[in-house]
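For reference, the structure is listed below as structure tokens.
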Amino acid sequence: QRQQYDMTMQLTALRNEISMLTDKLIQTEEKVYRWKREFKDLQHKFIQVVNDHTQTREKLEDTCRMLEESEHIRSRWFLKKAQHDQEPISNTLPKKSSPRQHQSHSLPNNLLSRVATRNVRPTLSLNFNLSLRRNYTNTPKKPVAAADEGGHNPLLWIGCLSLGVAYTYYQKKQAERLALLAKQQTSDTDENHATVSHATENKQENTPVIKSNSKNIDYQQVYNDIAELLDSNPDYDDGSYGPVLLRLAWHSSGTFNKEDDSGGSNGGTMRFRAEGSHAANNGLEFARDLLEKEIKPKYPELSYGDMYTLGGVVAIQELGGPNIKWRPGRQDAGENKCTPDGRLPDGSKNTDHVREVFYRMGFNDREIVALTGAHVLGRCHLDRSGYEGPWQESPTFFSNDYFKAITSRQWVKKELPNGLWQWSDKSNPDIMMLPIEITMLEDKDMKPYFELYAKDVTVFFEDFANAFKKLIELGVPFTGDEKEYVFERVNM
């Protein structure tokens, strides 16, 4: 009995040590992940400095080019003036010439050449002959020749050169002004069209307003731009917008009803207050506003449904999750297509409610549990959902740790200040589970999947990828010609 007791104590100590090592491993993984993010930020800052340096250099080159051209014109004028000063007096007398010949002298050849090649950028040279700038102060003044002396009057040369340069500058500015005016007119036309479309939405409540994708979109570049936003605000939550972008994709898709094909990601109706203000969508304005400000202006042809779901794909892949196959094709609809409140899961209810919500969309128990694994990312907020805390210790790294936590820890009830309650980890009260999740774990048909995913991350990743793809495509009127993307990752 003594030996058995000692072996039991040793086994307990070994288990505790394994648990401590596991926690340290998780913490180390999180630190490595954050270091990678910090390194990526430093890379971005370095690239920005290089870009600023390049722009400054280009401006310096343009300034040098203008100075070189100015010195070239000035030197040509002094050369002509010197030749004029050295000519005999007889050569300065007026010469008989035909009107055609006289007209040809009205514009010097070098000016004609400069006007004809005004769009050709000369080779940059920093060796300026600056000594020409004030040589005229040492040149004796000569009598000014008459204006009709066959083009030898220096004032005529200066006037022609000035007119040529001024004309070139005017043409350039006029072209820029016309281009800007055309752009503004196009923008005004688009805005007027949007206004008319919005008015049509209000009049025709049963007809969605469709926006066609008239231009090709580089969806890999859209993915890259969203990926760059994930860690753009270190003060937001745990330092990443990834979890809230995933939640936006989930909630904008999880309203689908297979009975009447209403709801789902098609339509992008989450952007309207009528749907965005639902209780289950509290806090998603952070994700919507981020994409509206940083992504939509770059890709105005990108539909809101495609933008929201693509944001979820970016979050999953960039935070370490599986590859998600994605294809475009969602069409924006009017506010009249917003879904009623109550279609999303309520964390305070039981398994029957879960099945009612997910069976309405066409999912089975295995797919339900797999999608629940998305709770590995992010945390609850007391002022949004009414609950507080993350589901495990690494809320910005996608893994099967959610299933490990819910199946292996001891959960106790914790009362909240708002009157609700949640499950908390007995050994780490900061970690929580929703009441509905423990009822799912205790369900005899769902529990085997919780245990399977806790043991095998590969199976979980495969099932989650398939279920999430199905979720974000519910109700989308694909034509069959859409390209299916598997995006290259940016940070992983």
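FYI, residue positions are counted from 1 along the chain as it appears here.
The backbone N, Cα and C atoms fix where each Cβ goes, glycine too.
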From 254-277, 326-349, the residue range that TrEMBL assigns the feature region 'Disordered': 326-349
Of the residue ranges 11-70, 71-130, 371-430, the one that TrEMBL records as coiled coil: 11-70
Close approaches to the region 'Disordered' (326-349) from elsewhere in its chain (Cβ under 8 angstroms; 6 or more beyond its ends): 198, 201, 205-211, 213, 217, 219, 251, 254-255, 257, 262-263, 265-269, 272, 274-275, 278-281, 303-306, 309-310, 313, 357, 360, 385-387, 420, 434-437, 469, 472-473, 476-479, 482-487
Tally of DSSP helical, extended and coil residues in the compositional bias 'Basic and acidic residues' (329-349): 3 helix, 1 strand, 17 coil
